[in-house]
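Copied over from TrEMBL:
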type	residues	note
ACT_SITE	C339	active site, proton donor
DOMAIN	43-272	domain 'Orn/DAP/Arg decarboxylase 2 N-terminal'
MOD_RES	K64	N6-(pyridoxal phosphate)lysine
Amino acid sequence: MTSFNIGKISVYDDNIDDMNVIKNIIQVNDQEDAFYILDVECIVRQHQKWCSAMPKVSPHYAIKCNPDQTVIEVLASLNCKFDCASKQEMQQIIQTGVSSDRIIYSHPAKPHSHIKYAKKIGVKTMMVDNTLEVLKIKEIYPDAKLVIRLSIDSGSYGIKMCKKFGCKINTEVITLMNFIKNEKMFLRGFSFHLGSPCSDADSYNRGIEICKNLLDVAKNMGFDEINLINIGGGIPGDDDESFYKIAKAVNKALENLDPSIEVISEPGRYYVVSAFTLVTFIQSKRIIDGEVMKRCYFINDGIFGSFLDKIIAAPLYVPIPLCNRGGKLFKSLIWGPTCHPTDSVIDDVMIEDLSIGDWIVWQNMGSYTICTASSFNGFAPSAVYPIIRKTGLETLLNDINEIQNLKSIDNYVKEDILEKIEDKNLFITHEVPQIM
Ligand SMILES: Cc1ncc(COP(=O)(O)O)c(C=O)c1O
């Protein structure tokens, strides 16, 4: 049974905006460390949006993107499925109460012990892109259902995903299919990952067409039970226009698909990117008086923490002062907290004059941040405060009730939280004191 500990989510009145939620957290906790707020409603909305825009595509949340336990519990309660890359990720999902048939093991190069674990818990569907991986799986888990990961690229992506994995369409796929046939292994279908992020709708269409053709080839080869297309991840979460274009292209490509074919996806960033806002504290400041005067701010999260993606995918970071006093803008640099010179969050930005003790807010920080953070120099990864507004909570509970029909959700959890809302007790913050 899937249930979640709703009590750890702070509920705020609808009219309290993010900036005031943040001020409240800082004051209540006498906060100095950097932290995230996780807006749970955002996760719920993304799931609703997916289900109505692409009803034929079953999302399997790629937990690697952000394994925050609240995200997992909320998605599990909404009946979402999961894409795991390792034993540890499968363990986390299983411990949340999700059954193994809702998990796919999508790493094409797997450690022996992780395959053994998949077998133990009954996760059958797993990716392969070469014969040696097939043989390894056959030896450990002959009942596994294999999905061939294809090397399908898009011209427009953040990170090229087929550089490391993927079977070449023209030269390798048929050989691998023959090999799987000869080894008497079960072939379940085909998958691809176009790039992360990838907003090129045409490429999703092209990927699906390739999979459809290969399904026909596989059927002719005698893989009678083959029934899966996996369109992977890459779908952006902070750009509705691209999302709806992709949804349109995917739906079109699936229009005449044999209904016995199951279509799934592995979205990561789509679900979480906008739901997490990072808040950092200016712990030091230095003014460099050179040809051009520059202000250097040293904040308490950086490249070795939440900003590693600067080096990998170079997203656009926009610093927003928590207390915007306005005024003249100055050429500034923002450094992370460690002693390492690589630890530069922003090399050149025009920003108002800030002081030690001020806070900087960073939106859209949910993907590939928490999961890649280290404790380099002794600076621990930033903590997460899950929050939700009252109407968001009602929507979430309604959705869960609808999906799980009240029988399988922990009733006491629901009643408990509803009672707390009625009582207007500590989960609800009514007044947010101005702290600066
Ligand atoms: C196999 C696989 N699936 C899904 C994802 C998630 O990608 P995204 O977060 O861009 O949706 C990744 C990301 O690395 C991946 O490797």
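Cβ coordinates are placed from backbone N, Cα and C, and glycine is handled just like the others.
In TrEMBL, annotation is done automatically, which means it is predicted and not curated.
Here the Cα atom of C339 (active site, proton donor) is found 28 Å from that of the residue listed as 'N6-(pyridoxal phosphate)lysine'. Within the same chain, the residues at least 6 positions away from the residue listed as 'N6-(pyridoxal phosphate)lysine' whose Cβ sits under 8 Å from its Cβ are D83, C84, A85, E89, G268, C371, listed in sequence order. The residue listed as 'active site, proton donor': 8 other CB atoms within 10 A of its CB, across all protein chains.
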